[in-house]
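Here the structure comes first, spelled out in structure tokens, and everything after it is commentary.
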Amino acid sequence: MTDICDANKFKHRFRGYFPVVIDVETAGFNANTDALLEIAVSLLKMNSDGVIVLDRTLHFNIEPFEGANLEPAALAFNGIDPTNPLRGAVDEKVAFLEIFKEVKKAQKAADCHRSIIVAHNAAFDLGFVNKAIERNGLKRSPFHPFASFDTATLAGLAIGHTVLAKACKMAGIDFDNKEAHSALYDTERTAELFCLIVNRWKALGGWPLAAVEDDSDSTSE
């Protein structure tokens, strides 16, 4: 069994997984064909009382990969001009190598064996992340390839709304609609929402469990 002190660590709270909050902005909905244009990654930290908070955020504007599709409707929606030199965009591979380095460093510091993506409507972000990793031939990704924490689902359960802006406002988190659809802004609001839900569950007595079974013999997936 895990005592309360040990339960207040990422490695026990999420079964050895280190939660990493991610948001992407893209030029469409198809991860196979449409460009990844922006990504932000928020790293979290947990204090000795088991309360999690936003630690820091990495942010990259991304150059569309060669041959990428750019849907005009998607660009109009997120307001991104991929040709604007002021974006300071970098190659996908450059961004992901830096993300891998920083995530692995934080994961190791938390004594976790793998990282797990947290995102709002996580299947979308995870799909684009996985495709970018595959497209660039990157190995040893810190991220679980298919498991994730979806804050849309969590917010629907805990707060009663699945839309990020409305869930944040209902939870008392400031949300500026004019800043929305920026990966940097949305990631940090998603991180705040995830932390609030996890911390509230703990405050209500949902964690730690009275008795936690040792699952060391179960699959790591």
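Numbers here mean position along the shown chain, with the first residue as 1.
Including glycine, each Cβ sits where the backbone N, Cα and C put it.
What Swiss-Prot annotates here:
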DOMAIN    20-194  domain 'Exonuclease'
BINDING   Asp23, Glu25, His181, Asp186  Mg(2+) 2 binding site
BINDING   Asp23  Mg(2+) 1 binding site
SITE      Phe29  site 'Important for substrate binding and specificity'
SITE      Phe77  site 'Important for substrate binding and specificity'
SITE      Phe124  site 'Important for substrate binding and specificity'
SITE      Phe146  site 'Important for substrate binding and specificity'
ACT_SITE  His181  active site, proton donor/acceptor
Do you know offhand how many angstrom separate Phe77 (site 'Important for substrate binding and specificity') and Asp23 (Mg(2+) 2 binding site) by C-alpha?
15
When you tally the Cβ atoms that lie within 10 Å of each candidate's Cβ, which of the binding-site residues (Asp23, Glu25, Asp186) has the highest tally?
Asp23
If we check Cα distances from Asp23 (Mg(2+) 2 binding site), which of the recorded sites Phe29, Phe124, Phe146 wins as closest?
Phe124
Among the recorded sites listed here, Phe124, Phe146, whose Cβ has the fewest other Cβ atoms inside 10 Å?
Phe146
Using C-alpha positions only, work out which of the recorded sites Phe29, Phe124, Phe146 is nearest to Asp186 (Mg(2+) 2 binding site).
Phe124
Taking only the residues in the domain 'Exonuclease' (20-194), give me the average pLDDT of this model.
98
